[in-house]
Amino acid sequence: MTESREPHVAGSAAPRPEPANGLASGQPSSRARYSRVLLKLGGEMFGGGQVGLDPDVVAQVARQIAEVVRGGVQVAVVIGGGNFFRGAQLQQRGMERTRSDYMGMLGTVMNSLALQDFLEKEGIVTRVQTAITMGQVAEPYLPLRAVRHLEKGRVVIFGAGMGLPYFSTDTTAAQRALEIGAEVVLMAKAVDGVFSADPRQYPEAELITAISHREVIDRGLRVADATAFSLCMDNGMPILVFNLLTNGNIARAVAGEKIGTLVTT
């Protein structure tokens, strides 16, 4: 399973009662600009820069998501698996690409289950749906069921990518957002947004606050893979690229505050 680099289950535990999430199954709070969002999380952030999971990072992300869910916003999530495996990189080391991509998909499921656990510790009922059937740990991906979960105030995490090799989790995020009727893809990164050049190599690079899908593709800006941007461009799906490492930024993104980079058609 591939996932672009940063720029520049139902679980086995006994079912828990539905929490009293305030507006979770009703209308979003007046502060929210969006009522249904698809949050794309890079797997590398879940590892805190290392291989594996950093529980402190996952817990912090879960708290941010729980905050917006309690405000009535419907949240679906796609997570990469880069903290465990990257199919393209394994291919470069001699592995067969299809097999290495499937290994990456399993990494996304591990991340999904971890986030589910921390969200439920926050009192947020969460379902994991996977594109590859694994009934003992997650539901199969069914878009209509996912929408029903969202309407009931549950978080839905989509694992195993598209279930197909050669497709990145960025592309999965775009496709799932369109299929569940999300209003925006919130693309969480480890940088403040889209820059004119890689800010780690070029300190003078400027943050771009607004740009079109077409310009991102034409300029070759490394935000997500071109397939994901083309899919969003063709279907008028906006993308907000923002820094996940700033606490509270998910709520700011949902509220429509001017953070990061807004990519529109």
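Including glycine, each Cβ sits where the backbone N, Cα and C put it.
Swiss-Prot lists Gly81, Met162, Gly163, Leu164, Pro165, Tyr166, Phe167, Ser168, Thr169 as binding UMP, and of Asp101, Asp192 the one it places in that same site is Asp101. When Cβ neighbours within 10 Å are tallied across all protein chains shown, the highest count among the binding-site residues Lys40, Met162 belongs to Lys40. Taking CA atoms as the reference points, Met162 (UMP binding site) and Lys40 (ATP binding site) are 14 Å apart. Using a 10 Å Cβ-Cβ cutoff, Phe195 (ATP binding site) registers 22 neighbours.
When the Cα atoms are compared, Leu164 (UMP binding site) and Gly43 (ATP binding site) turn out to be 18 Å apart.
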